[in-house]
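Marked as xanthine binding site by TrEMBL: L20, N27, K156. Annotation comment: TrEMBL describes 42-157 as domain 'Phosphoribosyltransferase'. The feature 5-phospho-alpha-D-ribose 1-diphosphate binding site is assigned by TrEMBL to A128, N129, G130, E131, A132.
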Amino acid sequence: MEELKKRILKDGHALSETVLKVDSFLNHQVDPELMYEMGTYFKNYFKNHGVTKIFTIESSGIAPTVMTAMQMNLPMVTLKKQGSKILKGDVYQTTVHSFTKSMDYELTLSKKYITEKDNILIIDDFLANGEAALGAARLVEEAGAKVAGIGIVIEKSFQPGRNILDDKGYDVYSLARVGKLGENLIEFLE
Ligand code: G4P
């Protein structure tokens, strides 16, 4: 997505060789028009995948996902991050480890919002190690539903997530693929 790449070059900052800061339009302040354009790209890619519902993970995935769900005319569900396990039987939960933040959380989905007939598109803002996307896919599959695909706003292609998701056979579509980060350096893959 050319507009996104231009925006990353204009307003993004490589904080290190692994972390890209995009607080001014995605993670803190949000640019609604850019989010809408993202929704159009995701819709165009996934429109023939038989998607029944779109899942995201709180919180920065929500804005681009709402815009996608609106344009695909589909319901959307936000997976919650809980600090500890809920022992009631009305939720699906899985432990996700964040390497970036060095912490674990329980990704949580109410059983009310998925059936085994669902074909779920998962959308998230960043793909780093793939742990969040894999956790979301585990919840979908535990419910007996299918993963229609995974939409990512910014993929850091030099980290392992993309290859892991590809190897598991998921259809991954990223709007921007960052190949390298460094001091004053942000490089994209085609
Ligand atoms: P993974 O799911 O691919 O394994 O990623 P990881 O756990 O390492 O990422 C944890 C959090 O850090 C996620 O946000 C993710 O979006 C964010 N993150 C990872 N790499 C970058 C980066 O280079 N830049 C920025 N800005 N964020 C990054 P989160 O905890 O879910 O927070 P949020 O969705 O509430 O923003």
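Cβ atoms here come from the backbone N, Cα and C positions, even for glycine.
Automated prediction, rather than curation, is the source of TrEMBL annotations.
Remember, predicted model here, so these are calculated numbers, not experimental data.
The binding-site residues under consideration are G130, E131. Their Cβ neighbour counts within 10 Å are lowest for E131.
Comparing the binding-site residues L20, A128, A132 by how many other C-beta atoms lie within 10 angstroms of each C-beta, the top residue is A132. Apart from A128, N129, G130, E131, A132, the residues listed for 5-phospho-alpha-D-ribose 1-diphosphate, the same chain places the Cβ atoms of V96, S98, F99, T100, L127, A133, L134, Q159, G161 within 8 Å of the centroid of those Cβ atoms.
Note: the domain 'Phosphoribosyltransferase' (42-157) comprises 31 helix, 48 strand, 37 coil (DSSP; helix = H, G, I, strand = E, B). For E131 (5-phospho-alpha-D-ribose 1-diphosphate binding site), the nearest neighbour among the binding-site residues L20, N27, K156, judged by Cα separation, is K156. Between the alpha carbons (Cα) of L20 (xanthine binding site) and G130 (5-phospho-alpha-D-ribose 1-diphosphate binding site) lies a span of roughly 16 Å.
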